[in-house]
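Residues or ranges marked as compositional bias 'Low complexity' in Swiss-Prot: 92-112. Residues annotated as domain 'C2 1' in Swiss-Prot, with sequence analysis given as evidence: 180-306. Swiss-Prot lists 317-451 with the feature domain 'C2 2'. The phosphoserine annotation in Swiss-Prot covers Ser114, Ser115 and rests on a large-scale study or a structure entry. Sequence annotations record features per position, and here Swiss-Prot assigns region 'Disordered' to 54-112.
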Amino acid sequence: MLEPLNEGLLSRISDVLLCGWTCQHCCQRCYESSCCQSSEDEVEILGPFPAQTPPWLMASRSNDKDGDSVHTASDVPLTPRTNSPDGRRSSSDTSKSTYSLTRRISSLDSRRPSSPLIDIKPVEFGVLSAKKESIQPSVLRRTYTPDDYFRKFEPRLYSLDSNLDDVDSLTDEEIMSKYQLGMLHFSTQYDLLHNHLTVRVIEARDLPPPISHDGSRQDMAHSNPYVKICLLPDQKNSKQTGVKRKTQKPVFEERYTFEIPFLEAQRRTLLLTVVDFDKFSRHCVIGKVAVPLCEVDLVKGGHWWKALIPSSQNEVELGELLLSLNYLPSAGRLNVDIIRAKQLLQTDVSQGSDPFVKIQLVHGLKLVKTKKTSFLRGTIDPFYNESFSFKVPQEELENASLVFTVFGHNMKSSNDFIGRIVIGQYSSGPSESNHWRRMLNTHRTAVEQWHSLRSRAECDRVSPASLEVT
């Protein structure tokens, strides 16, 4: 009889041995079952190329090298698995397991993707051999030289004024004898301290007398010259001398200042245009003088007598008008501000101009309302700053037009027409149409814009509203 203590100890030992054998036997069978065996098709390697060896595979290789248990497929015989009578695995079973693991490792190594190889064959251009036949028969063509192309080029077709192509090569005496338009005396001086250019128009001589309307005789009564000055390419900010009556040898002695940096002034061209003011035929260009300022010493200054050459610009600018438009939808009011005008044409030889602006509201083709500013005496650059308001319901706004006409006040006869623009439904040009569109898109906000005045004939041609007013 064993002691109860000894019986308890033996039972515990037997339980441990039985549990260990059961776990080993069951786990081995589970491992060898099909559910735990991965086929070659189930192996998937993800990641960037080239693929890296998994950590578990590297650990298996290191263990196999330490124990010299790695065999090739030719070293291990393919024998069926048998179990010993006591249920333990035989040596053939161990070899089969080793072979199975080795084959899976070899399969993974063989299927590891490598960097893709692109078989690039050289692209053959041109003829590979002289034996190949040409697709099209060869045609003998004439080889053109650059002279052949430039021989067909005619510069006169691209010149703004074909008659002035040889002016640069002529002296002032030759220009004078060729065109006989007279000569102009002027000077320039740049002030580095105040950054402005001063142009002095002194006098002109030998100007041609105007011809009467029928062309039969010279009309000395209408020889009233004046000079316009600008710095190209900017023709908007121009200056203008006074008109000298009934003379071909006018003396001006007038100075004009242009606020412009020195480097910018060197890139400009001084343009002086001599214009004859005819009371009946209006303003006729006699000739011009163009001086690139990069060719003169601006700081030192200088005086020049230059012969006038013909100008391709037969008509002078009529002037510009600065307007402001504002519409209030809730009140149904169209507000107009006449701010200022500049470089208006002179309408009176002795007094200059007394300009004023007439504003006329046209609904459709019907004149509704007329208003006008006060006239300012003896100026071609008037400042008005006058406001006007027209009652225009919102539903009628799209059919409304505003006609702005600048006149020179004349107490002895009818007022002298200077220029006109139309803004609204029947605008007289793209600038006027753009101003109207901007006002419609920004209600309750004043919209300012400069406009170049147009002739009466031009406005009547493009705007029906211009025909309805006087």
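For all residues, glycine too, the Cβ spot is worked out from N, Cα and C.
Within the domain 'C2 2' (317-451), the DSSP-based counts of helix, strand and coil residues read 18 helix, 69 strand, 48 coil. Per-residue confidence over the domain 'C2 1' (180-306) averages out at a pLDDT of 86. Remark: secondary structure over the domain 'C2 1' (180-306) totals 10 helix, 71 strand, 46 coil, with classes taken from DSSP.
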